[in-house]
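Written below as structure tokens is the structure these notes are about.
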């Protein structure tokens, strides 16, 4: 057998060490963490519970500060794991107490999302994003104008809650300033199903943020098959972006309606309620736009649809309506309905025994109101450039320090 001579120059080339993939623990719910500690680290599952408390109750991400974990375990964690939370590019308070954060997603300087905290009497609600951008092209939503970039990871979704809760000084089960989470930020949550459901599991876990299922709300534009899947995998509250009670008008506002028309959507919502006795209602969101969907006939159509829904579920107030005055953004052709039209619309619904609320506009002075989330600058290219400049400025400040 002939031997092959190896050039001496190759013998001097160092062989790179194998890169050990580190698991971001923020990507895991309780079950995932238990498996990671048992299977990867060879540790007892209760260690996962300690880790969840450090991350989500005490907001600690440095393993060396986790004092009830032994030195050997901390060494294994340093080798195999990390806790990466979103980087806060900037945060903006509103005059009404609303707070908006622009958060960096990833390390490439290309993706940033917004999350908003809305305080109210006796409650504090966090509006969480599920995607960078959105691909559903609803014509009245600012997020749609930037297009779809990618889904957020579980860590990036629950990381929004982590950032807000830490900023607020939230202490689960004690000093609770964050009482509700709504998946109503950027993106369509049901198009990022697995990551969203996993993140909502952490929100509701006593070792996470301890929120009751009814205090976590997922809002969808109407992906019928995924509503059915959600009914089997979660028991959170459901909200539907309806905005019109007839197919022709809804198709012009929510293009997804061409694939899943109103009749199919309403039946899937009825199945969602019938599948779990803990779920007693669906909230239907209706953005009021001047001269588009705010006329008395539109209100009467919506009232009929809600009565039909109650009958299908065989429960009074199974369908609740949340009227949302349109929040303008640069470049939109729509206008907000006047106060007179809004009250007249609500009165028709109330007279028809439909439980109806008007959402008070919050955070519009910082572009944090419903439908306004998209980033600080108008288009994706400019948004990314602004984001990179912000990070470079921070790096320069760190270097000078």
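Cβ coordinates come from backbone N, Cα and C, glycine included.
Sequence annotations record features per position, and here Swiss-Prot assigns active site, proton acceptor to 114. Summarising the annotation, Swiss-Prot assigns domain 'Radical SAM core' to 120-365 and lists sequence analysis as the type of evidence. Among the features that Swiss-Prot reports, disulfide bond is placed at 127-370, with the record citing sequence analysis. Taken from Swiss-Prot, the feature [4Fe-4S] cluster binding site covers 134, 138, 141. Summarising the annotation, Swiss-Prot assigns S-adenosyl-L-methionine binding site to 187, 188, 219, 241, 242, 243, 327 and lists sequence analysis as the type of evidence. According to Swiss-Prot, the active site, S-methylcysteine intermediate annotation covers 370.
The domain 'Radical SAM core' (120-365) scores a mean pLDDT of 94 in the predicted structure.
If you draw a 10 Å sphere around the CB of residue 134 ([4Fe-4S] cluster binding site), it holds 26 other CB atoms from the protein chains shown.
DSSP assigns residue 327 (S-adenosyl-L-methionine binding site) to coil, not to a helix or a strand. Inclusion criterion for the recorded positions 114, 127, 138, 141: a C-alpha placed within 10 angstroms of the C-alpha of residue 188 (S-adenosyl-L-methionine binding site); this criterion is met by none of them. Sequence-distant neighbours of residue 138 ([4Fe-4S] cluster binding site) (same chain, 6+ apart, CB under 8 A from its CB) are 144, 221, 241, 243, 253, 254, 255.
DSSP assigns residue 187 (S-adenosyl-L-methionine binding site) to coil in the three-state reduction, outside any helix or strand. Its own atom aside, the Cβ of residue 187 (S-adenosyl-L-methionine binding site) has 28 Cβ atoms within 10 angstroms in the protein chains shown. In terms of Cα distance, the recorded positions that sit within 10 Å of residue 327 (S-adenosyl-L-methionine binding site) are 141, chosen from 114, 127, 134, 141. According to its DSSP assignment, residue 127 (disulfide bond) is in a strand.
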